[in-house]
Amino acid sequence: MSDTEEPKAKKQKTSKKDRKSISSTTSDKPSTDDAADTKDVPTYEERCLAINILASPLASKKSTKRAHKLVRKASQSKSLRRGVKELVKGLRKGDKGLAIIAGDVFPIDVISHLPLLLEEHNVPYLFVPSKRDLGAAACTKRPTSCVLIKENNKKGGDGKEMDGKDLFDALVEEAKEYDPNKR
């Protein structure tokens, strides 16, 4: 260094408490970015425009919310299988329950074999419009194409009882009402 150049000032370290207080004072003010983020979230109807041709039976708006709530509860009680590989592996091992499949999966070949496989194993299934929302409900950061909510058997498993048994029963009844031969 020459005499004319000044040394660069070091960045001052701040403690966690100081950073939290700084962030809390800035978050008290309503930001226009937050309002813009809520507008970017597509509605149920907009998500339904992006579904593929296989997505039948598609859950209604109310049933979709109930399905996401059930997936979240099943994820917390560790009675959930996420993704195509795990779902197929669970079916091979004899897991029963309710399968929820995202309707906006592309390419369609990823999930095209699942409805037939689920019907062979007598497992009811429903389609929801968005894989992003299904992944968020399953407590993962990545979008999820399908999940299998396992029925709780007292014989095996970790013994945890799932909270949403009434939700589970209602969605299973709704899924069983669908007859694939009536297309």
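Cβ atoms are placed via backbone N, Cα and C, with glycine included.
Annotation source TrEMBL lists compositional bias 'Basic residues' at 10-19. Marked as compositional bias 'Basic and acidic residues' by TrEMBL: 30-40. Sequence annotations record features per position, and here TrEMBL assigns domain 'Ribosomal protein eL8/eL30/eS12/Gadd45' to 67-154. Here TrEMBL flags 1-40 as region 'Disordered'.
Residues of the domain 'Ribosomal protein eL8/eL30/eS12/Gadd45' (67-154) grouped by DSSP class, helix first, strand second and coil last, total 37 helix, 18 strand, 33 coil.
Per-residue confidence over the domain 'Ribosomal protein eL8/eL30/eS12/Gadd45' (67-154) averages out at a pLDDT of 91.
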